[in-house]
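K.L.:
Mind looking over this structure? Questions follow.
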Amino acid sequence: GIGGAFQYGLQISIINSPAEYIKSFIRETWLRRYGYSPTEELITLMWSFVVSIYSIGGLLGSSSAGYLSVRFGRKKAMLFANIPALLSATLMGLSRLCGSFEMIIAGRIFSGVCGGLALNIHLMYAGECAPRKLRGLIAITASTAIAIGKFVGFALGLREVLGVDALWPVLMAANALPALVQLLTLPFFPDSPRYLLIDKKDKEGCI
């Protein structure tokens, strides 16, 4: 779940604590770029884009989860979901260095794609791999991973951790860590028996 539903929970909560810092960054960038200070309405509009664009990415990710999980298999599709996660971490982590608030918006789209893919494929993959007696318990791990992701996002956003002006780009790039952990560990996991039997016609692999 660390590269699945955890990513979704993390991205929902992680955006809350650096709100004022990101607004200040947008204001400073706009002033430096255009030579005048933006209105509060414009700052609010840009911040709304940063927050809500995640849902658009989530819609794109959720819409393509079914196709990718059938075309490439549940495991490979989950590995693929880490690509937008790493892209989003790179864009948001370097946004301040590059002086571009647009990179934060683009990064949020990619993190939404990751969340939409990971959440749907996690449920599918875990449910299909679980033994019959443990299927219900394993399916609940998605909800648990979301809750843990939210908790970790709030914890990282504390002032004592990464919730300060100097470190908010690091906070926004924190989703790279679970993506890297999954990229290193998931290849050792088996593929879904249902996928092997129904989509790949591999009865021996399924057994």
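The backbone N, Cα and C atoms fix where each Cβ goes, and this holds for glycine too.
Annotations per TrEMBL:
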DOMAIN    1-207  domain 'Major facilitator superfamily (MFS) profile'
TRANSMEM  45-70  transmembrane segment
TRANSMEM  77-97  transmembrane segment
TRANSMEM  103-125  transmembrane segment
TRANSMEM  137-158  transmembrane segment
TRANSMEM  170-189  transmembrane segment
K.L.:
I need to check the long-range neighbours of the transmembrane segment (170-189): which residues 6 or more away from its ends have a CB within less than 8 Å of a CB in the stretch?
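P.N.:
Same-chain contacts beyond the ends: 2-4, 6-7, 10-11, 14-15, 17-18, 75, 78-79, 82, 85-86, 88-90, 92-93, 95, 104, 107, 111, 114, 129, 153, 156-157, 162-163.
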K.L.:
What mean pLDDT does the predicted model reach across the domain 'Major facilitator superfamily (MFS) profile' (1-207)?
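P.N.:
The predicted confidence over the domain 'Major facilitator superfamily (MFS) profile' (1-207), as a mean pLDDT, is 93.
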K.L.:
For the transmembrane segment (137-158), give me same-chain residues lying six or more residues beyond its boundaries with a C-beta closer than 8 angstroms to one of its C-beta atoms, as numbers and ranges.
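P.N.:
Contacts with the transmembrane segment (137-158): 1-2, 4-14, 16-18, 119, 122-123, 126-127, 129-130, 171, 174.
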